[in-house]
C-alpha cells in the first residue's frame, strides 16, 4: 500500500468513522484522522485494514463547504487526486476540488460505491439479504397474512371470522360465540391482522378488572402484541411525559370500572384518537331506552369516536332481545335507531331462516318458501337457481346452486355483516364430559366447628352465611388458626391423594375457590405423598404463573398436578390435560362453566373426566345436587344457568345457609323444568342462517388447510437460523423441537428486536408452542423474524459481495455481475399498498457481454456452485475489473425497466380486480341490506384512487450486487 499525506481512505472494520485523511507517516505506521467522528487511528503500513477512496468520472461528490461536484476529470499528483467538473448548485464549470477538501461525512450507501471502496461483505450475507427480500415479498402477498403466526390451534370457525373481519377497513362487529369457542382468540387475530396491514395503529381494549391480566397475557403470548395496563397510578406516572397519559402508548388495556369512576380519565381516553376499540364482556353494559347505565354511556362515547369496534359478548339469546339491540346500537346507531323497528325486522327473517334450513337439509322448497326468497332476492337472480335445484342436474351442480342461493340470502341477512355467533351445537369437535359425583363422609372436626359457627354467626346475611358454609375447612381454621392442618383429616384430601397416585401418567387440574386452599393442598400432596404439584393463584405475578404453567405442561420431570384458585385460573387453558377435580364448588353457574372450560375447549383431543368430591350433609352436597339435577351443568354447557339461578336464588340461598331444608326437592324439580323450557326456547330461537354464516362452512376448512400447509416450512427454519447467525445470536439446541437463543457479545446491534435481554427458548412447531407457554412460536410474522429482516435492510448487510465460480467450461477471469433491484412504492402502511405492491425484488444476472441470464440461471442452484473470497483478494479483483462493472451496471438498467413496468401493471390489475369487485359487491348489497355503512364504500373508493397513484409512481433502485469471477482451481 502506498500512502501520501492528504489522501482519503476509509476503515474496512469501522465503516461508521466516515472518510479518513492521512495526517502522519513514518517508516512503519500511518495515522489517519477521521474528522466526522473526531477519532484518530494509527495503523501498521504493511497491512492496514483500510481502503483507498477514489471517485470516477460521472460520480457526484460533496465538498466540506456543502456544495457538490459532478466529476468530469480526475487528475493525480504524487498519489493525491484532484477532481475537476461542474458545481451542481451554480452550474459553474471547470471547478477543481482537491481530495483533502472532500466532505468527511461521505458514506458509501450505494452497493457499487461500497464495492469500489472495498467495503465488501461476506457472500452468505448477500445470499441472506436476497432470501430476506424474496421471503418478505411472498409474505406480504399472502392472503393469509396475519393469521399464520399466532400461537393458537387452527380452528376453522375462528380463522374464518378473523379472515372475514380482519381484512375490512375499520371493522365494527359483535362476536357472540358461546363459551369455550374462543372469542378472545378471534378478537386477537383480528387485531393482529389490522396491526400487520397498518389499518390500526392505536388500539384500546376495555375489559372487566378481573380479566385485565388474562388479556395482557393472551395478546403477548399468542400474538406478540405488547399492551400496557392503564390504571390511576400509571396515568399519574405518564403525566410527566404528556398532557394526556393515553397518548404515551399505542396499545392500551384498561378496566371499564377505571373509565367509569374517573370522568377526567374517561375524557382523556376519548381525546386520544384510537383506530380500534375492543370491549370484552359487553353484555354487562346495561341499557334501557330512557336510562342507559353509566358504563353503557362510556362505551357509547368511545364507540362514536373510534372507527373500528369489536364487542365480545354472551350469546344474543342469553342477553334478551332488548339488550342485544343495545349492543348493535353501539356499532351503528344510524342503522339500529329504534327498538320496535328492529324487532319487526328480525321477525321478517324467521321465514328466511326456515327456507335456508330446508335448503341445507336438501329438502324441496315449498312454494311459500320460494315466494319469500323471491321477495328478498330479485326474480332474475333466483329463477335459474330454483330451476337448477329442481332439474335432474348432477349433484355437484345442485350443490352449487344451493350454495349460491344460501350465499345470496346470507349477504342480505339483516345482521350478517355485524354479528358473528357460533354455538357448540353447530360446531363439531367437542369432548364428552364424564361426570363423577363423589359423596364423602364429613369429618367430625368439621361437624363441630360448623355447629359452633352456626351459633356464633347470627349477624351474617343469608348470602354471606351460605358462602361460608360452602368452605368447611375455612370455618375450621377460624377456630384452630391458619397453621392447623385440616388437610390431615379432610376426606376430600384423602380421596385426592389416592386418585393422583392411581393416575400417575395423567396430568390433573385441581380447582379450589380460594388461594389459601390451593397453597395448602400443594403442601398436603408434597408432605403426605411426595407428589409433584404446582400452584396458580391471584397473588402470583404473570411470570410466576407462566413458570407454574410451563412446569405443569412439561412432559418429563414436570408437575403432575396443578392446583388453581378461582381467580388465578381465569383465561388460562390446559387442553393437554383431561382430568379435572373440583375441590369445592363455586356459588355461581357461570363460574362452574368457566372452571370446566379450562379443559373443555375447542381443541381438546380427549374426553374429560370431571370429579366432584363433596362432603355429605353440607351445603356442598346441596349445591352439587342442584347443579347436577337442576341444571345438568356438569355434563353440558349451561347457557341458561344464570337465568335459572336468578329465578331461584332467593329460595336456594337460605337452604344453603342452613345446610338443608324441606323445599330443596321442589326447587330442584322446578329448576330442571325452567332449565328445559329456557333451553328449548333457545333452540327454537337459534338463528340457523347466522350460524351458517358464522362458522364459514367449506371456506373455513380451506383457510385452515391453507395455513396448515405453511406450518413446518423448512425454508423458514433455515432462513431464521441464518438470520440469527448473521446478526450474532448464540443458538443452542434443546431437543423437543426447541432452541435457546441468547444475545452474544459481538452482536451487530446492542439489542435484538423481540428478544429479551436474557434470551428466549423458541420453537418452529405449532403443537410444541401450544403446550409450552414459555416458548416463543417463531413464524414469518414473529417480531424476531420481522425485526431481523428490518435490521438487515437498515444496516446494509450483504449489499455487495464477491464470489468465485469454479467452472472449467468458461475461460479464467470471465466475470458475471448479479444485481438485485427493488421496486418500492412510497406509501403509508395503512393505504394497504403491501397487499398489491410490497417491496419487490428483481434479480438480474449479466454476463460480460451485457446479456441478462437470470431467466436461465436460477438463484439457489447457481449459488451452490459459488465459493467465497477473502476481503483482500476481493478488493484486488474489484479494482482490476472496475471499468467492466460500471459498464454492466449501466447495461442492467435496460434489462430492469421493462420488468419494473410489468410489476406496476400487475399490481394495478390485482388492486383494481380485488378492490373493485369488493366495491361492486358492497354497492349491490347497499341496495338491499341497510347494514352496509356509507363510510365503508367511501373509504374503498378513496383507497382505489390513492393506490392507483402510489403504484404508478413506484420507483426502483439497486439494492445489492455480487461480482462473480471464474477460476479453475
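Residue positions begin at 1 at the first shown residue.
Just so it is clear, glycine is given a Cβ too, placed from its N, Cα and C backbone atoms.
Among the features that Swiss-Prot reports, domain 'Helicase ATP-binding' is placed at 164-334.
According to Swiss-Prot, the feature ATP binding site maps to 177, 178, 179, 180, 181, 182, 183, 184, an assignment based on sequence analysis. Taking the Cβ of residue 180 (ATP binding site) as reference, residues of its chain lying under 8 Å away and at least six apart in sequence are, in sequence order, 424, 430, 597, 600, 601, 602, 637. For the recorded site, residue 180 (ATP binding site), the DSSP three-state label reads coil.
If one looks beyond the motif 'DEAH box' (280-283) by at least 6 residues along the same chain, the residues whose Cβ comes under 8 Å of a Cβ in the stretch are 174, 183-184, 187, 205-208, 211, 215, 299, 311-314, 318-319, 323, 327, 330. The annotation motif 'DEAH box' is assigned in Swiss-Prot to 280-283.
Sequence annotations record features per position, and here Swiss-Prot assigns domain 'Helicase C-terminal' to 492-646.
For the motif 'DEAH box' (280-283), the number of residues in each DSSP class (helix H, G, I; strand E, B; coil) is 2 helix, 0 strand, 2 coil. Neighbour counts of Cβ atoms within 10 Å were taken for the binding-site residues 177, 178; the minimum is at 178.
Mean pLDDT, taken over the domain 'Helicase C-terminal' (492-646), works out to 88 on the 0 to 100 scale. Proximity of residue 183 (ATP binding site) to non-local residues of its own chain (separation of 6 or more, Cβ distance below 8 Å) is seen for 175, 176, 177, 280, 312, given in sequence order.
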